[in-house]
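What TrEMBL lists as transmembrane segment is 6-32, 44-65, 71-95, 107-126, 146-165, 177-200, 206-228, 235-257.
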Amino acid sequence: MPNHGLSATLVTALAAGLALSFLTPFVAYLLLRLTTRLSIVDAAAVSAHYGSISAVTLVAVMGVLREMGLAFEGFMIAVAAVMETPAILSALFLARRQRETGHAAALAREILLSGAVVMLLGSFAIGAVTGERGSAILKPFLVDQFAGFLCLFLLDMGLVSGRGLRDGARVLSTGTIAFALIMPLAGASFASALAPFVGLSTGGTAILITLAASASYIAVPAAMRLALPAANPGLALALSLGVTFPFNLTLGIPLYIGLAQRITA
């Protein structure tokens, strides 16, 4: 029975993570289109960032939970992993549906065969097939050098974000900045509504809420560069990394943990 309960909670948590990642971009896109002057492509690209997750914010909330003595389910890392890709699919649908109106099959094919999606899903498939043996073989290249590659990537993203801030007076408006502060709270609200049906511990619930409130600035920017080259990468990074990320680290995480404690009390 304990194993069955654990399996049921794992499946429910994965389903909740997938649903949050897939549906949140639609809400973000609607807010952006109603409150800002962003183009369809830029609004879709930004929405993908807010449907996906921030790994650094995940590590931060885990650290706070450990300091508070609040245990959490180890499989929440897997929940975070499955929340990366659905948001990208949603954003591609939002960006390309105008071009493929009335041709659902063509739109689905264009989205699913997009280079960014193929790379992400292909990576998951390769990892599932090769398992620990494949991981050990590729460890010197993928694991040992990951931090170095990540530093180079983040330096490049910092330059892109800086250019976006420098040249972005026409797109970084009160509306977009307000969105970057409101959207984390909206994501946290969606996760809080789902949390009672998932059955996670207080720590696990806090992580789910934090994941839903976070915004990607690593995986999604790379995917959007490939999938939506017409989008302004500096804008999305300025919002996710420059506004939402510090908000979550300073004010968001304590709020999300408090929500989790109230939900699981």
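Every residue, even glycine, has its Cβ placed from backbone N, Cα and C.
What TrEMBL says about a protein is an automatic prediction, not a curated fact.
Counting same-chain residues at least six beyond the ends of the transmembrane segment (177-200), those with a Cβ under 8 angstroms from any Cβ of the stretch are 8-9, 12-13, 16, 19-20, 23-24, 27-28, 31-32, 35-36, 46, 50, 72-73, 76, 207-215, 239-240, 243-244, 247-248, 252, 255-256, 259-260, 263-264.
Of the recorded ranges 6-32, 44-65, 206-228, the transmembrane segment (71-95) has the largest number of C-beta contacts under 8 angstroms with 6-32.
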